[in-house]
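Enquirer: Pulled the feature table from TrEMBL, pasting it below:
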type    : residues           : note
BINDING : 208, 215, 218, 224 : [4Fe-4S] cluster binding site
DOMAIN  : 59-206             : domain 'HhH-GPD'
REGION  : 1-26               : region 'Disordered'
Ligand code: SF4
């Protein structure tokens with residue numbers, strides 16, 4: 001083990017042996033470190049109101065946010081209200097949203113959403129979790145995205161990045177999204193829930209990548225029991241970093257010298 005490795009090696013107990021208080025402290029420290037590493041973390045879908053965010057989130061299933069954002073301007077221009085969607089011709093909607101994939105099912109969900117909103121909610125998107133999850137195309141994950149970003153109600157979004165990274169960090173155990181959401185609610189400060197979700201997603205895209213996490217260039221290394229799941233050599237790990245703030249990530253991880261050697 002090199003001196004740099006020794007400095008960065010985790011001081012965290014192995015998974016399953018940590019007290020709840022220690023885990024809570026570590027979760028909050030992780031959130032602070034992530035806030036410094038990803039100050040630009042935010043919802044990457046373009047929208048101007050709750051309905052647009054709900055539609056964009058439905059379209060984002062199995063599709064990148066970039067592609068959704070290329071598709072939604074034409075959709076939002078043509079369909080401006082819940083009743084516009086309720087009365088839409090499925091083939092017209094399908095033609096616009098086709099690039100996002102699974103377009104028949106997505107069109108069905110969006111039109112169904114419009115109809116349900118007109119029928120039960122005066123054409124407006126409800127804020128309430130129970131009401132949201134009864135709407136076509138909207139599960140807990142989408143409901144948390146809508147509540148957190150369009151209504152300012154804190155919510156933890158459990159997607160594939162959240163499942164992978166919180167398990168690697170040993171903050172949760174398992175893959176059931178609803179159980180994880182409740183486990184994480186106990187660890188992270190409520191006012192941070194929405195931003196914690198964005199930060200974890202950014203970390204998952206840029207550093208703690210699914211196949212090969214950049215452990216040697218990760219600012220969470222000292223508090224992560226999975227440190228070593230990816231390369232720990234700083235120069236090798238730095239090559240895995242993605243996104244437009246790679247230099248800052250290297251600086252925050254304290255590995256500039258090793259990378260520039
Ligand atoms: S990149 Fe490595 S050290 Fe960082 S959170 Fe992921 S598994 Fe842990």
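The count begins at 1 with the first shown residue.
Using N, Cα and C of the backbone, Cβ positions are placed for all residues, glycine too.
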Enquirer: Since the record lists 215, 224 as binding-site residues, which of them has the fewest other Cβ atoms within 10 Å of its Cβ?
Expert: 224
Enquirer: Around the [4Fe-4S] cluster site (208, 215, 218, 224), what further same-chain residues have their C-beta within 8 angstroms of the site's C-beta centre?
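Expert: Here the non-site neighbours turn out to be 168, 207, 213, 214, 220, 221, 226, 227, 229, 230.
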Enquirer: Please name the residue among the binding-site residues 208, 218 whose C-beta has the most neighbouring C-beta atoms within 10 angstroms.
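Expert: Compared across 208, 218, the most Cβ atoms within 10 Å surround 218.
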Enquirer: With H, G and I counted as helix, E and B as strand and the rest as coil, say where DSSP puts residue 218 ([4Fe-4S] cluster binding site).
Expert: coil
Enquirer: Count the residues of the domain 'HhH-GPD' (59-206) that DSSP assigns to helix (H, G, I), to strand (E, B) and to coil, and report the three numbers in that order.
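Expert: The composition, in the requested order, is 101 helix, 0 strand, 47 coil.
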